[in-house]
Structure formats: structure tokens, C-alpha cells
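Undergrad: Annotations for this protein, taken from Swiss-Prot, read as follows:
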DOMAIN    17-362  domain 'tr-type G'
BINDING   26-33, 158-161, 216-218  GTP binding site
MOD_RES   H715  diphthamide
Amino acid sequence: MVNFTVDQIRSIMDKKANIRNMSVIAHVDHGKSTLTDSLVCKAGIIASARAGETRFTDTRKDEQERCITIKSTAISLFYELSENDLAFIKQSKDGCGFLINLIDSPGHVDFSSEVTAALRVTDGALVVVDCVSGVCVQTETVLRQAIAERIRPVLMMNKMDRALLELQLEPEALYQTFQRIVENVNVIISTYGEGESGPMGNIMIDPVLGTVGFGSGLHGWAFTLKQFAEMYVAKFAAKGEGQLAPSERCKKVEDMMKKLWGDRYFDPSNGKFSKSAVNADGKKLPRTFCQLILDPIFKVFDAIMNFKKEETAKLIEKLDIKLDSEDKDKEGKQLLKSVMRRWLPAGEALLQMITIHLPSPVTAQKYRCELLYEGPPDDEAAMGVKNCDPKGPLMMYISKMVPTTDKGRFYAFGRVFSGVVSTGLKVRIMGPNFTPGKKEDLYIKPIQRTILMMGRYVEPIEDVPCGNIVGLVGVDQYLVKTGTISTFEHAHNMRVMKFSVSPVVRVAVEAKNPADLPKLVEGLKRLAKSDPMVQCIIEESGEHIIAGAGELHLEICLKDLEEDHACIPIKKSDPVVSYRETVSEESSQMCLSKSPNKHNRLFMKARPFPDGLAEDIDKGDVSARQELKTRARYLAEKYEWDVTEARKIWCFGPDGSGPNILTDVTKGVQYLNEIKDSVVAGFQWATKEGVLCEENLRGVRFDVHDVTLHADAIHRGGGQIIPTARRVLYACVLTAQPRLMEPIYLVEIQCPEQVVGGIYGVLNRKRGHVFEESQVAGTPMFVVKAYLPVNESFGFTADLRSNTGGQAFPQCVFDHWQILPGDPFDNTTRPSQVVAETRKRKGLKEGVSALDNFLDKL
């Protein structure tokens with residue numbers, strides 16, 4: 001099976017210019033795992049006959065049954081480029097052998113946290129797009145994440161066999177389809193990228209440069225313009241020139257590639273290229289891409305699928321394809337597969353595209369360092385990362401935990417950015433909450449073993465230098481999900497990953513047999529480790545809650561919990577949605593609360609955020625770590641805040657970074673700074689557990705208007721101020737028309753035209769509304785985009801399929817929070833039911849506490 005040993009891989013690991021770390025990303029069901037197979041079989045790990053069917057990287061049993069990828073899987077490939085191909089590489093290189101660390105990631109939106117983890121440890125991405133359905137919502141989400149992490153994309157148009165056999169497109173129509181997809185992808189890149197002047201330079205994709213592949217993963221064939229340009233250069237050169245040197249040949253091929261795409265036409269009568277669509281005699285000329293590339297492919301398809309024996313034999317001879325004796329007896333689709341696979345092997349084309357156009361760690365870490373490392377940009381660790389220096393201090397990021405075969409232990413999976421990691425090395429293991437100079441979230445322990453990940457297998461290895469992806473044994477006890485591993489004493493953390501979805505659906509679980517409770521608790525701990533997104537919470541009422549990104553995500557998590565992590569039967573509640581609390585107007589009166597000893601008074605008001613500010617805080621455009629003046633200017637310009645107030649933001653909350661703000665608008669108050677910490681603590685408490693039903697607050701700005709304090713410090717300690725601050729904040733919320741917010745999914749549904757009506761019916765029943773409907777050009781498919789409350793999304797997929805005869809495919813992504821209309825204090829409305837249910841579930845007393853409990857008289 002594997003035709004190279006660990007020692008060989010280890011020797012290449014030192015040639016960091018010849019390493020490529022890349023992930024395969026795409027919309028669900030666009031054929032990532034199938035395509036990955038062609039790469040794996042080229043690099044000699046699957047027998048080539050089974051490629052396209054094995055989906056080697058779907059390692060779990062449920063992945064094979066459901067035919068979807070759930071966890072991202074890593075695999076190392078070895079590929080040698082010929083002298084001729086080496087000439088195309090524009091960055092530094094070292095010999096002709098390349099080590100490609102490939103991560104196949106899931107496309108389903110519920111698992112997009114897995115994608116984030118995969119992106120963090122790679123430098124390049126192969127974006128797969130189904131050429132029939134085009135660029136979908138998930139393609140955009142994933143691509144946006146990749147660009148935010150400064151990862152260079154190359155594009156692969158998959159499923160060309162469908163375009164030819166099912167849709168029977170004409171060559172010109174097919175060219176237009178490709179052209180449109182390339183444009184769509186470039187629009188996304190230019191919207192979220194940093195432009196040509198940015199540190200990465202131009203990352204737009206362009207078939208002319210060879211950064212776009214075309215082909216079919218299922219049939220195992222693919223090409224970029226480079227393959228065809230080479231054929232034609234060889235053909236034209238045969239007419240009288242001898243062997244060319246690799247660099248000259250490279251120039252010729254690159255010139256040829258420019259002629260094979262875009263508005264270039266070919267005149268068969270004299271064999272010349274022209275820029276106009278008609279020749280001198282006024283005859284219409286075919287486009288070069290159609291004539292020189294698609295036409296031969298169409299001919300092969302046509303001859304074989306229509307069983308034209310003589311023509312097929314002629315073509316095979318002309319294309320110089322050598323078939324085995326067993327292949328010669330095949331016909332129809334089987335013969336087509338063998339012929340196309342011999343003529344344009346997918347592995348070759350893709351591996352060449354990857355090695356030539358994706359960056360090596362040496363190239364990539366120069367511009368990724370500032371995004372990855374939180375510390376100062378010139379300390380030892382940062383320099384080590386920037387230069388990818390094996391002699392620098394060890395800096396390694398753990399992006400996720402991978403369960404081992406024996407229950408309960410995990411490999412830590414991550415990438416070495418600087419230094420060398422080796423078995424038995426004593427390292428500093430820093431969790432996400434570690435701050436330099438403090439002891440919390442820091443362990444100093446030896447690494448037990450380092451291992452190589454090979455899809456379904458692991459191989460032990462002595463040590464691994466920087467630029468490589470590796471698994472560690474024995475670190476799992478000290479990290480929950482992610483973290484940084486270093487040998488440098490003053491190292492800061494690598495920056496935490498930003499997830500594009502948030503866990504909004506929760507389920508309560510309990511053991512069927514109460515005696516199994518300890519096992520359940522242990523199982524929940526392991527579950528929290530194994531999935532980057534999942535949150536396991538224990539409520540005050542003693543319930544165990546699991547929060548996930550969506551229905552499917554939770555289903556998989558519960559299955560894992562039951563079968564792998566806790567190994568006990570489990571009872572689960574119906575899924576519940578997390579809500580947020582907010583206010584809709586400014587407080588109707590100035591709120592005052594007195595401290596328990598009656599010596600201190602706080603006066604405050606609450607008001608809602610202007611539209612868009614909460615989202616800016618979520619995205620990190622406005623944050624607690626920003627420089628004061630920059631932030632104040634941003635708030636003043638974009639949201640028309642008063643600059644002096646914007647400079648006096650005390651803090652964000654909950655957790656110091658959430659979408660609520662505490663500002664100080666007082667004028668000349670004595671002792672104010674002494675109680676600042678206590679008020680901030682009260683604010684964090686109040687925003688984490690709101691007054692309506694103890695959910696987080698969102699989008700509320702609290703202003704401290706006035707404070708009267710006791711002159712004696714002993715009478716204004718934390719015990720006096722913190723509870724007072726919380727009471728006054730609650731009073732502010734209650735006087736400012738409090739409202740509930742619910743999470744909303746953006747649903748994208750692909751379906752044929754005739755079932756669009758059925759979709760509207762289902763959405764209307766579930767409080768959804770359609771805001772965009774478009775036809776995918778060149779196909780009979782429609783795309784409907786709608787907003788759907790997460791609360792209504794349970795069973796939505798099944799409902800939709802039954803109403804459309806199984807022809808509609810929905811894809812839900814968490815999009816935004818929206819206010820639930822209605823007053824939570826009016827017993828007839830929806831929000832009041834939600835408040836009552838949530839309070840009951842959390843074991844709080846019935847009914848929201850009255851305003852008098854929080855408000856004091858002067």
C-alpha cells in the first residue's frame with residue numbers, strides 16, 4: 001500500500017521549501033473526498049483501480065454510511081516533479097521531491113468549525129466547486145474564512161462528467177459556465193481579500209496562470225490549461241525544433257496558456273490564433289478553449305458513449321493512450337473512465353497545480369505571522385515563526401484533538417511553526433486563556449510521543465521540524481481543545497481561531513440509569529475535547545447541556561457521546577434554542593440603586609445600540625483590545641457617538657469582549673476610579689445573566705450618569721458596590737422596553753423549478769421568509785434564499801423533502817439575531833411564553849422580578 005517509509009518522509013521534512021500544507025474546502029457534496037482520493041492514489045496509498053469509490057479520508061463508520069465527511073482528516077503525500085515542471089515554480093525550491101500534507105475537510109455547514117481548525121494549520125486551499133450548481137453559500141463562507149486566515153486559494157471545477165453526460169451542454173455554454181464560476185470566486189476573493197498591494201500580492205484565480213483545474217473526481221480525470229498547452233507546444237515543436245531546455249520550454253508553455261482562455265479564437269484553415277471572432281472571409285471562428293481543449297474531450301465522450309468502435313480506436317491511437325488488455329474489452333462508461341484516466345490523470349494535474357501554485361511554509365509564514373502570533377512582532381518566537389526557523393524556539397499551534405483507538409485518550413493535532421518538536425521534549429503547554437507572566441492555564445510537561453497522521457493510520461516518528469503537521473501523544477490531559485506549545489519562556493499565545501458559526505442549539509442530556517452519572521460527566525468532558533465547536537455546560541439546576549451549531553451537528557455529537565465517550569444509554573430532551581436579551585428604547589427614567597449600607601448611590605441609564613454595532617463587535621472590528629483613540633474615532637464616524645463618551649468606554653461584556661458596552665458619562669465625580677473595578681464586575685455579571693430569563697444580553701449600552709459615594713473607603717468596598725451595580729443595571733433594562741432576540745438561519749435551497757411552490761409553503765408555516773430567488777444560469781436549477789428562525793428549523797429538512805418529493809436540498813447557516821416581536825410582560829405574546837419556559841427550565845422562580853426590587857427611591 002504505502003510505497004515510501006517514514007524515514008523518507010522525515011528526510012523531506014527538513015526541506016521546508018518543498019513542503020505544501022493544504023486543505024480541500026468546498027460546499028457540501030461538491031466532491032472533496034472523492035477528489036482527494038485521486039491525489040492519494042497518485043501518491044501511492046490507495047490502489048488506483050478503487051480511487052473515486054473508497055473516499056479514503058472518510059475514516060469514521062458514520063461518515064461512510066451517510067456519505068458525508070464529518071471530521072477533517074490529515075494525510076501526507078509524496079510527489080516528485082519532473083525537471084520540466086520544476087521550471088514553473090516561482091518560489092524557492094530544494095530538489096524535486098515534494099511533501100504534501102493534505103487535510104480533507106467537511107463541507108456541511110454544521111461542521112464548519114472543523115474547517116476552521118483545518119485552515120489554521122495549512123497555507124493553501126484547493127477550493128472545489130461543482131460546475132453544475134456553481135458557487136454556493138458554503139463555498140462563500142469557507143472561502144471567506146480562508147482569505148481571513150491569509151490562505152492562498154486554487155480552484156477546481158469538479159463534476160464535468162455531469163455537465164457533459166446529464167446536461168449535454170455545448171462547448172460554448174460550458175465555457176460560459178466556467179467563466180461565470182471563476183468570476184464569482186474572484187468577486188469573493190476581492191471582497192474579503194487585501195488587494196494586490198496586500199502582503200500576499202494578487203491571489204485572484206486565473207485559468208491562464210494555471211490556478212484553475214477542470215475535471216471529474218468520480219471518473220478520476222482532470223487538467224489545467226498547462227497540460228493542454230504542453231501537448232500543443234510539443235506538437236508544434238515537433239515540426240522542426242529539437243529538445244528545449246526546461247526554462248525555455250516553460251516560457252513557451254506559459255505563452256501558449258495565455259492563448260487558450262478568454263476571447264481568443266482559432267482559425268483551423270491556416271492553424272493561426274486570432275483575437276477577432278471572425279476571419280478574413282467573414283466566417284465565424286471557434287473560441288480556442290472550445291476548439292483546442294473541449295472539442296477533443298467531447299469527441300472522446302461522444303465516440304465512446306455512442307459505441308462508435310472504429311472512431312474510438314482511432315482517437316485512442318491519436319491521443320497515444322496505452323490501454324491494458326482488460327480495459328480493451330470494456331465499453332460505455334467503464335471504457336470512458338479508463339481512457340480519460342490514462343489521458344488526463346487527475347492526480348497529476350492537481351498535484352502539479354498544488355506544488356506549483358500553493359506557497360511553502362517558508363513563503364507563507366512571512367505574511368501569516370502577524371495574524372498568527374499575539375505577542376510583539378520582534379521577539380524570538382515571532383522571528384522563528386516568520387522565518388520558519390528550525391533552530392528557533394519551538395512554537396506550535398494545536399488546532400484540535402483527535403480521538404485515539406483506545407477510548408478516552410486523544411492525539412493533539414497541530415502544526416509546528418518554528419523550532420523542532422521531538423519525543424520527550426519538555427514544553428510549555430499554554431491554553432487559550434494563558435497570559436504571559438501568569439501561572440494559570442500553563443503546564444510544563446514532556447511530550448510522550450510524536451506521530452504522523454496518515455488518514456486511517458498513525459506512524460510514530462522521532463522528531464518533526466517546523467512547517468509540518470504532526471500529532472502529539474500525552475498532551476491531551478492539559479488542553480481542552482486548542483492551545484499553543486512552546487519552549488520559549490516569554491512566548492505569547494498563537495491567536496485563537498474565529499468560528500463562522502455559533503452554537504445556538506442546545507439539548508439537555510441525562511443518563512438513563514442514575515448510577516451512570518460519573519460516566520456521563522467523564523463522557524461530556526471527552527466530547528468537549530473532540531469537537532472544536534461543541535460546548536458542554538452544567539446549569540444551576542444540575543442539568544447537563546450540550547450546545548452545538550445545528551440539528552445534524554448535535555445528532556452526531558450525541559451519537560459520539562453515547563457510543564464512544566460515555567458508553568452508556570442516554571436520555572435527551574428536545575432541542576432548545578439559546579436566546580439573547582436586549583432593549584428597544586432608552587430608559588424611561590434615571591435609575592438609582594443604593595448599596596446595602598445605604599451610603600452609596602449609582603445613577604444609570606440603558607439604551608440600544610445603533611444598527612450594526614453588535615455585529616462589528618462580533619467580527620472584531622470594535623474590541624476591548626483596540627487603541628482608545630482609533631476606537632473612539634471609528635465609533636464617532638460610523639455610529640455618531642459623542643467622541644468624549646466613546647473615549648470613556650469602561651468595558652465590553654459579557655466575558656470582557658461581548659456585544660454590550662459600559663460607558664462613563666459622569667462629570668467630575670470623586671473617588672470614581674476606586675469603584676470602577678466593582679462596577680465592571682457587576683456589569684459582567686448582569687450582561688451574562690439578563691433580568692428576563694438569565695440569558696446573555698446583546699446590543700445594550702449602559703451609561704453611568706452619576707455616583708455619590710461615602711468618603712470612607714471601608715464603606716465602598718466590592719461587597720457594597722457589585723450587587724448594587726447589578727441591581728441598577730437590571731432596573732435600566734426593565735425601564736427600557738426589554739425584548740428577546742432569537743437566532744436566525746440563512747437557508748439556501750437548491751431545487752428544480754417545478755417544486756419552488758412547495759418550498760414557499762413550508763417556509764410560511766415555519767415563520768420563514770424568502771428574500772431572494774434566482775435561477776442558476778445554464779441549468780434548470782433554482783436557488784431560493786430565505787431567513788428561518790433556528791427555533792423552527794427542527795425537522796425542517798425532512799418536512800421540505802416530503803413536500804418537494806426529495807428534490808430540494810437545504811443548507812442552513814447561522815446568520816444573525818433578530819428581535820422577537822412582542823412585549824415579554826404581556827402574557828399573550830410569544831416572548832412571554834419563551835421567558836416562562838426558559839425560567840422554568842432553569843429552575844428560576846416564576847415571573848420576571850418586579851422593577852421595585854431593583855429601583856430605590858431618592
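Cβ atoms here come from the backbone N, Cα and C positions, even for glycine.
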Undergrad: Which of the three DSSP states, helix, strand or coil, fits the residue listed as 'diphthamide'?
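TA: Looking at the DSSP assignment, the residue listed as 'diphthamide' belongs to a helix.
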Undergrad: Could you check what DSSP calls M160 (GTP binding site) once collapsed to helix, strand or coil?
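TA: Reduced to three states, the DSSP call for M160 (GTP binding site) is helix.
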Undergrad: Can you give me the Cα-Cα distance between M160 (GTP binding site) and the residue listed as 'diphthamide' in Å, rounded to a whole number?
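TA: Approximately 77 Å lies between the Cα of M160 (GTP binding site) and that of the residue listed as 'diphthamide'.
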Undergrad: Across the domain 'tr-type G' (17-362), what does the mean pLDDT come to, as a whole number?
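TA: Summarising the domain 'tr-type G' (17-362) by its mean pLDDT gives 75.
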Undergrad: Quick check on the binding-site residues: of A26, L218, whose CB has the lowest count of neighbouring CB atoms inside 10 Å?
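TA: Comparing Cβ neighbour counts within 10 Å for the binding-site residues A26, L218 gives L218.
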Undergrad: Which one is closest to H715 (diphthamide) in space, judged by CA to CA distance, out of the binding-site residues A26, N158, L218?
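TA: So, spelling it out, the nearest of the binding-site residues is A26.
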Undergrad: What count of other C-beta atoms do you get within 10 angstroms of the C-beta of S216 (GTP binding site), across all chains shown?
TA: 28
Undergrad: Give the three-state DSSP assignment (helix, strand or coil) for S216 (GTP binding site).
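TA: DSSP assigns S216 (GTP binding site) to strand.
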Undergrad: Which three-state DSSP class does A26 (GTP binding site) fall into?
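TA: It is in a strand.
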